[in-house]
Amino acid sequence: MEERERGARSAGAGSPARPPSPRLDVSSDSFDPLLALYAPRLPPIPYPNAPCFNNVAEYESFLRTGVRGGGRGRGRARGAAAGSGVPAAPGPSGRTRRRPDAPAPDPERIQRLRRLMVAKEEGDGAAGAGRRGPGRSRKAPRNVLTRMPLHEGSPLGELHRCIREGVKVNVHIRTFKGLRGVCTGFLVAFDKFWNMALTDVDETYRKPVLGKAYERDSSLTLTRLFDRLKLQDSSKKEADSKSAVEDSTLSRYSQTSTWKLASVWGRADTGRGSHKRSRSVPSSLQASAREESRSELSGRTTRTDGSSVGGTFSRATTLSRGQSRKKKRKPKVDYQQVFTRHINQIFIRGENVLLVHLAQ
């Protein structure tokens, strides 16, 4: 193939120039582009300075705008426009280029248009400022305290009334199972999610039941809660009265014991006086009296020692048994116990709020 092409080229170079066939003539109607592509020599172009385009789309854009999209064509177009002295058409980049048939610009008209544009921009700025009100720096803050008055005419509006008038509210709180307790205090702030902040709060609550007692325990209600609280208060009063009675009995017993000790000391003093008086008694009688008193004291001490030893042994055994039993037994937990406490301030989440009503 290469040899044939070389031979054709050498033959063409040696032979005189022939007129191109109509199939290879670009200006003829019978032009065959496929044959021109595979021809050994490029067909002659009647316009040597014609621009070259990469594709058909670039050629179509050149026909619409008169400016080539590529850098080479753009530079060539600029150079051609500068050389010919004809102003170029406006390009796609937005640069102002006058067409050949466009009239000369009027400077007075341009000045009038600029003045109108400036006045319009100033008017639009004033209107926007009037609509927006104060600027961003002067914008009123938006927070929970500013949003609370906007809930007038709704249940949240009643909460805002309680804040203004200082009315106490009762907030019923729940756990994962049911009612937990009641918080009574003064409302300070709230939001649309029923999150609340209270001060000077008195809470009555019961700890949640866990473990196996959770399955057996019945649901807590307000009546059960406050009935249990009353029962605890009454039992506490009874325990206090019993402790007062025991304290009074102990004080009486201590008084009687002091009286007995005083009487014993008095008897001892009288015995000493009689002993002094009995010095005049004969020595034989004194010796017999001493022996009798010693025998009586020894008998009493043996009895008391035996009884004390037996008593201490029996008490020790009972105490050891009681301690072992206490160790085996688990401490009993009262799940129904109700607690009360006072809190200076508290935050309650809205998901834990069951009911809110005014305190009587």
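Along the chain as shown, the residues are counted starting at 1.
Every residue, even glycine, has its Cβ placed from backbone N, Cα and C.
Fair warning: this is a prediction, and the values are worked out from it, not measured in the lab.
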In Swiss-Prot, which of the ranges 1-29, 233-261 has the region 'Disordered' annotation?
1-29
Looking at Lys120, Lys139, Lys212, which residue has the SUMO2 cross-link feature per Swiss-Prot?
Lys120
Record-annotated phosphoserine (source Swiss-Prot) among candidates Ser280, Ser293, Ser308
Ser280
Let me check the 10 A CB neighbour count of Arg41 (omega-N-methylarginine). How many other CB atoms are there?
11
DSSP tally for the region 'SM 2' (343-356), helix/strand/coil in that order, comes to 3 helix, 10 strand, 1 coil
Non-local residues, at least 6 beyond the ends, that sit with Cβ under 8 Å of the region 'SM 2' (343-356):
159, 169-174, 179-180, 183, 185, 188, 191, 193-203
Could you break down the residues of the region 'SM 1' (171-204) into DSSP helix, strand and coil, giving a count for each?
0 helix, 25 strand, 9 coil
